[in-house]
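Please find one structure pasted underneath; my questions will follow.
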Amino acid sequence: MSKSFVLHSAFRPSGDQPEAIRRLEEGLEDGLAHQTLLGVTGSGKTFTIANVIADLQRPTMVLAPNKTLAAQLYGEMKEFFPENAVEYFVSYYDYYQPEAYVPSSDTFIEKDASVNEHIEQMRLSATKALLERRDVVVVASVSAIYGLGDPDLYLKMMLHLTVGMLIDQRAILRRLAELQYTRNDQAFQRGTFRVRGEVIDVFPAESDDIALRIELFDEEVERLSLFDPLTGHVEGTVPRYTIYPKTHYVTPRERIVQAMEEIKLELAERRKVLLANNKLLEEQRLTQRTQFDLEMMNELGYCSGIENYSRFLSGRGPGEPPPTLFDYLPADGLLVIDESHVTVPQIGGMYRGDRARKETLVEYGFRLPSALDNRPMKFEEFEALAPQTIYVSATPGAYELDKSGGEVVDQVVRPTGLLDPIIEVRPVATQVDDLLSEIRLRTAINERVLVTTLTKRMAEDLTEYLEEHGERVRYLHSDIDTVERMEIIRDLRLGEFDVLVGINLLREGLDMPEVSLVAILDADKEGFLRSERSLIQTIGRAARNVNGKAILYGDKITPSMAKAIGETERRREKQQRYNEEHGIVPQGLNKKVVDILQLGQGLAKTKAKGRGKAKAVEPAGLSAVDMTPKALQQKIHELEGQMMQHAQNLEFEEAAQIRDQLHQLRELFIAAS
């Protein structure tokens with residue numbers, strides 16, 4: 001099933017890209033464990049990495065600092081490798097409240113979570129791809145360092161079926177139940193199976209659009225066919241098929257029985273300790289909770305909060321690292337850490353917070369001490385387990401530079417010839433009025449502006465002031481969730497408004513070619529929001545536009561400002577020199593606005609679950625201009641139905657896209673009428 005990586009792109013490597021690709025590949029082939037790619041904003045770092053993957057033909061994991069950037073990277077990699085397995089692995093929780101105890105108020109908070117089914121399916125698809133083939137790119141968030149089912153147990157639980165094999169129907173049903181599939185003859189959905197006579201239909205947990213039909217005759221598998229679970233249309237037959245477990249945490253029965261004995265032993269030891277310390281309430285609480293879990297495991301094969309017993313279920317010793325996505329990556333895999341100056345510190349910070357919460361639960365008798373081993377990896381464990389690594393950032397941190405021995409692969413020259421923004425420093429006293437006049441210059445020529453402030457209060461006041469002066473402005477703050485944030489960025493690019501005000505949200509990786517001006521208020525207030533790295537990242541948001549400019553408002557030039565200005569000027573000089581030598585004229589980027597929302601709920605395939613297929617979002621392009629008023633009215637009515645369908649299915653990004661089309665069509669309808 002494994003193919004070779006085939007890179008699809010209308011462009012060839014240019015600028016600094018060929019040299020960067022050559023150096024990275026040489027380093028990997030020479031066995032270098034760590035390399036750093038210092039690539040400026042808009043220099044095509046993702047394209048460089050895609051070329052390295054395609055040339056070396058190695059399975060790759062790309063770590064991103066958050067879901068927004070992971071979504072953006074997933075969309076880009078999917079375009080580069082349409083024939084290969086590009087997978088997405090982020091936390092599947094839409095909402096997560098971990099189990100916790102607050103001793104001061106004697107409050108126990110139960111675990112509460114809302115799981116996104118679509119992302120769960122994509123996680124299962126990612127691990128399946130890593131186990132089955134080599135042409136895999138998995139784009140992951142820091143969720144990759146959290147415990148996952150043991151790959152050895154996961155492989156043991158798989159159900160292999162081949163045409164002609166002798167197997168009893170009841171044996172298949174029993175195995176499906178062990179894989180945690182549920183029988184549902186009415187509603188056929190992911191992770192279920194149905195039985196009709198000698199025919200068993202299975203909807204694999206890792207699939208979103210293909211189901212398996214097993215046809216038996218006299219205890220023999222007569223035919224295995226793949227079909228569309230929605231329409232029932234048979235796509236074709238296969239000689240063999242492997243059904244993977246419904247969850248990563250599935251465990252064979254004999255392992256559960258063994259784990260239960262080990263849990264009982266630990267409970268007995270812990271009870272002695274608690275009684276010796278006169279903690280009678282804690283002892284009673286722990287006994288009651290653990291025995292309830294053991295009974296549930298005995299009857300059902302799992303229990304609520306079974307992850308707290310993961311050490312026993314995976315057969316690990318005390319303190320050993322949990323199995324994670326890294327255990328599924330082949331030994332010669334490649335790790336790419338995007339925006340490494342943010343992602344690397346995140347990896348280091350996950351373990352301690354988790355540990356502090358669980359220690360309280362153990363101390364007060366809510367959990368056994370072994371629950372402490374259900375945890376994310378420690379940083380040292382991550383370092384020991386990580387394969388050959390490429391750190392990618394416009395502003396690498398001290399850790400990456402140290403690991404790379406101070407050597408960096410420079411990618412400063414952009415293929416488009418675009419230069420780093422011109423930087424001006426202006427006084428603070430008149431910053432708001434000066435900003436207003438600059439905004440008006442930009443909006444007059446249909447360009448966008450980003451403004452970054454130091455405090456939430458100032459951002460709110462500035463937004464209000466700009467609105468009073470007739471500017472179309474929005475304010476981006478930490479209370480806005482990921483999806484809404486992506487919508488706001490998309491609306492800025494579409495021209496629904498012209499100015500976006502934020503604090504620390506307008507930085508890494510955000511791809512907005514329409515932005516020609518970045519204004520940094522109070523740039524001379526030294527601190528983490530105005531550090532050299534933060535300033536370079538924020539200035540970089542204007543680097544995708546031909547007229548890119550950054551204005552730093554400050555009464556003095558701080559060391560951070562001086563370094564950021566110096567680095568930007570160094571890059572700009574190198575870029576100008578390259579353009580002059582090669583006769584390149586800088587060109588703006590014409591990036592499709594839908595790109596940032598490529599992930600969506602259905603990832604390019606907008607499917608309404610259980611309610612029939614929603615039509616793919618159609619562009620309200622040139623054809624709409626030629627329509628008659630009656631045809632336009634019909635089209636508007638049709639799209640309104642689609643929009644409501646998407647909204648009902650919680651597919652808000654698709655609904656928002658159709659809303660924008662409706663806005664354009666209504667304007668055309670008014671003009672035509």
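Note that Cβ sites are derived from N, Cα and C of the backbone, with glycine treated the same way.
Below, the features straight out of Swiss-Prot:
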type	residues	note
DOMAIN	26-183	domain 'Helicase ATP-binding'
BINDING	Gly39, Val40, Thr41, Gly42, Ser43, Gly44, Lys45, Thr46	ATP binding site
MOTIF	92-115	motif 'Beta-hairpin'
DOMAIN	431-597	domain 'Helicase C-terminal'
DOMAIN	633-668	domain 'UVR'
Validating a neighbour-count step here. Other CB atoms within 10 A of the CB of Val40 (ATP binding site): how many?
27
Which is it, of Ser43, Thr46: the one of these binding-site residues whose Cβ has the most other Cβ atoms within 10 Å?
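Answer by Cβ density within 10 Å: Ser43.
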Can you list, in sequence order, the residues of the same chain other than Gly39, Val40, Thr41, Gly42, Ser43, Gly44, Lys45, Thr46 whose CB lies within 8 Å of the CB centroid of the ATP site?
Thr48, Ala394, Gln411, Arg414
Mind looking up the mean pLDDT for the domain 'Helicase C-terminal' (431-597) in the predicted model?
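Mean model confidence (pLDDT) across the domain 'Helicase C-terminal' (431-597) is 86.
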Do you know the DSSP helix, strand and coil residue counts for the motif 'Beta-hairpin' (92-115)?
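Breakdown, helix to coil: 3 helix, 15 strand, 6 coil.
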Tell me, by DSSP, whether Lys45 (ATP binding site) is helix, strand or coil?
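Once the DSSP labels are grouped into three classes, Lys45 (ATP binding site) ends up as helix.
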If you count Cβ atoms within 10 Å of the Cβ of Gly44 (ATP binding site), leaving out that atom itself, what do you get?
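Looking across every protein chain shown, the total is 23.
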Per DSSP, what is the residue count of the domain 'UVR' (633-668) in each of helix, strand and coil?
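So the domain 'UVR' (633-668) is made up of 33 helix, 0 strand, 3 coil.
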